[in-house]
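**Q** Pulled these from Swiss-Prot:
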- Cys380: active site, nucleophile (ACT_SITE)
- His506: active site (ACT_SITE)
- Glu508: active site (ACT_SITE)
- Ser14, Lys188, Thr189, Lys190, Pro191, Thr192, Gln193, Lys224: UTP binding site (BINDING)
- Ser14, Asp149, Ile150, Glu151, Lys188, Thr189, Lys190, Pro191, Thr192, Gln193, Lys224: CTP binding site (BINDING)
- Ser15, Leu16, Gly17, Lys18, Gly19, Leu20, Asp72: ATP binding site (BINDING)
- Tyr55, Gly353, Leu381, Gly382, Met383, Gln384, Glu404, Arg461: L-glutamine binding site (BINDING)
- Asp72, Glu142: Mg(2+) binding site (BINDING)
- 294-533: domain 'Glutamine amidotransferase type-1' (DOMAIN)
- 1-268: region 'Amidoligase domain' (REGION)
Amino acid sequence: MSFKCIFLTGGVVSSLGKGLTAASLALLLERQSLKVSMLKLDPYLNVDPGTMNPYEHGEVYVTNDGIETDLDLGHYHRFSSVKLSKYSTATSGQIYARVIKKEREGVYLGSTVQVIPHITNEIIEVILECARENQPDVLIVEIGGTVGDIESLPFLEAIRQFRYEHAENCFSIHMTYVPYLKAAGEVKTKPTQHSVQSLRSIGIIPDAILCRSESSLSPDVKKKISLFCNVPNNAVFNVVDIEHSIYEMPLMLSQENISTFITEKLGLFTKQEDLSDWKTLVERLRNPSLDKVRIGLVGKYVQHKDAYKSVFEALTHAALSLNSSVEILPLDSEDPHFLETLEQCDGCLVPGGFGSRGWEGKITAAKLCRERGIPYFGICLGMQVLVVEYARNVLRLEKANSTEMDAETPDPVICMMDGQASLVATGGTMRLGAYPCLISPGTKVHEAYGESEVMERHRHRYEVNFDYVQQFKDFGLNVVGTCPQQGLCEIVEIENHPWMIGVQFHPEFLSKLIAPHPLFVGFIQAAILYSRNKSYVQA
């Protein structure tokens with residue numbers, strides 16, 4: 001085997017931060033001059049999260065090749081330079097579908113198809129496919145869920161077999177939670193012990209245990225975990241709950257020397273990672289500038305921040321790059337009083353979404369921003385909100401709407417894309433992935449990008465109806481970005497407004513701490529200017 005493989009499992013509780021841990025490890029290993037690839041294995045039976053409720057699963061992250069994935073892949077992107085694609089994710093639903101397809105094609109020659117060996121072999125094949133496609137020095141494989149879940153068992157068995165065949169090239173990290181009981185005044189290691197016992201009963205002996213806790217574990221506690229979990233004392237690592245920013249995680253792991261421990265065990269003798277630039281950025285996040293802007297994020301899933309995870313992070317990246325900080329106020333567009341809060345904000349962002357719930361509230365938000373000169377950034381559905389509001393209140397097309405919200409509207413300024421109406425399946429059938437966009441010169445968007453052609457990622461079925469484009473232009477709303485392949489409207493911009501822009505794509509998927517997205521930077525710049533001078537009056 002030409003690559004090394006790091007397996008990351010979790011125990012005790014869910015939401016431990018395995019995705020952040022995997023992403024942070026990728027950063028540390030890359031800073032040691034290693035080429036890293038990543039794979040997320042999710043035990044749920046959905047083929048992908050594309051049709052899952054955001055309240056249940058969080059946002060859907062889209063790759064360049066149009067794969068709808070778990071939000072953890074967003075962490076992978078933001079922390080590292082790993083290339084993400086269809087080879088970077090697999091679910092139980094996909095694995096079972098592949099096996100059933102092979103059975104129907106006669107690949108198994110009449111054998112009884114079983115979880116072992118057929119499902120486990122397919123999981124191993126997914127791991128090898130990822131390695132073959134990317135040719136990494138190190139492949140990090142994160143297994144979703146918690147040890148003990150029934151759904152996880154085939155994945156853990158596959159890992160056991162893989163480690164048995166390639167023991168010298170594999171490293172297993174088990175992440176657990178060590179709770180602090182206030183009444184007893186001490187931390188409890190028993191949940192970690194039981195979790196490791198469950199993992200060992202499957203046949204996987206972890207090479208390291210990563211313990212998450214509220215505060216630092218004492219050497220005695222680490223020694224106890226080492227003794228009862230049968231791992232060396234120097235293989236017990238600790239990360240505490242993050243105080244300020246998720247971007248502190250790589251620094252915590254670096255302080256624990258976990259990446260050095262891993263590379264030495266795998267025989268990868270590399271240089272010490274250099275995180276000086278990362279430390280500088282994190283220090284600025286810990287000590288934010290006094291120049292702060294308030295951004296109202298108007299949506300319908302605002303009670304669950306993970307539903308807009310990439311948007312939150314992209315705003316943070318942009319503000320940091322401008323030596324500013326951002327306070328994000330989630331505003332429910334169904335709340336009858338949300339406009340009172342939005343009026344006090346320095347900018348408004350309406351993110352992507354689907355369905356009519358909260359639609360009219362978003363339109364009132366766009367109207368407020370247009371009339372008051374508040375910077376407005378509409379993403380996907382947020383762009384469609386901008387267009388419909390403008391049609392109703394500037395073009396005086398009072399019943400203008402999107403056909404998604406009103407199929408009988410007399411003025412369908414937003415309509416379904418050609419070819420979408422005939423589709424029966426909903427999963428994986430939208431316009432997905434990266435497409436080129438040509439940007440008009442002399443526009444705010446061109447000024448932000450500094451170039452005339454960009455690639456951006458999409459996830460939508462509806463588009464601006466080109467039958468209305470000239471009318472919009474006559475009244476000051478311009479299409480300033482188009483797809484050269486399909487002639488679709490990708491970006492709109494309003495004249496005589498400080499910053500009111502809508503994009504059909506999802507720029508948040510490309511933003512990183514070390515490389516903020518230019519449109520988010522432009523938006524925050526406009527919000528800073530607005531916060532300093534709120535005397536704008538619409539012409």
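Glycine too: its Cβ is placed from the backbone N, Cα and C atoms.
Thinking about packing and proximity, how do these listed features fit into the structure?
**A** In the three-state DSSP reading, Cys380 (active site, nucleophile) counts as coil. Within 10 Å of the C-beta of Cys380 (active site, nucleophile) there are 23 other C-beta atoms, taking all protein chains into account.
His506 (active site) carries neither a helix nor a strand DSSP state and counts as coil.
Summarising the environment of Glu508 (active site), the number of other Cβ atoms within 10 Å of its Cβ, over all protein chains shown, is 27.
According to its DSSP assignment, Thr189 (UTP binding site) is coil.
Other C-beta atoms found within 10 angstroms of the C-beta of Gln193 (UTP binding site) number 16, with every protein chain shown included.
The number of other CB atoms found within 10 A of the CB of Leu20 (ATP binding site), across every protein chain shown, is 22.
Taking a C-beta cut-off of under 8 angstroms and a sequence separation of 6 or more, Met383 (L-glutamine binding site) has the following same-chain neighbours: Val464, Ile491, Val492, Gly502, Val503, Gln504.
According to DSSP, Asp72 (ATP binding site) is assigned to a helical segment. Cβ contacts within 10 Å of Asp72 (ATP binding site), excluding its own Cβ and spanning all protein chains shown: 24.
If you average pLDDT over the domain 'Glutamine amidotransferase type-1' (294-533) in this model, you get 94.
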**Q** Fewest other CB within 10 angstroms, which one of the binding-site residues Gly17, Gly19, Pro191, Gly353, Gly382?
**A** Pro191
**Q** Of Tyr55, Glu142, Thr189, Leu381, His506, Glu508, which recorded positions come within 10 Å of Lys18 (ATP binding site), going by C-alpha to C-alpha distance?
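**A** Of Tyr55, Glu142, Thr189, Leu381, His506, Glu508, within range: Glu142.
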**Q** C-alpha of Ser14 (UTP binding site) to C-alpha of Gln384 (L-glutamine binding site): distance in Å?
**A** 36
**Q** Between C-alpha atoms, which of these recorded positions comes nearest to Lys190 (UTP binding site): Gly17, Gly19, Glu142, Glu508?
**A** Gly17
**Q** Hey, how far is Ser15 (ATP binding site) from Glu142 (Mg(2+) binding site), Cα to Cα, in Å?
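**A** Per the Cα atoms, Ser15 (ATP binding site) and Glu142 (Mg(2+) binding site) stand 13 Å apart.
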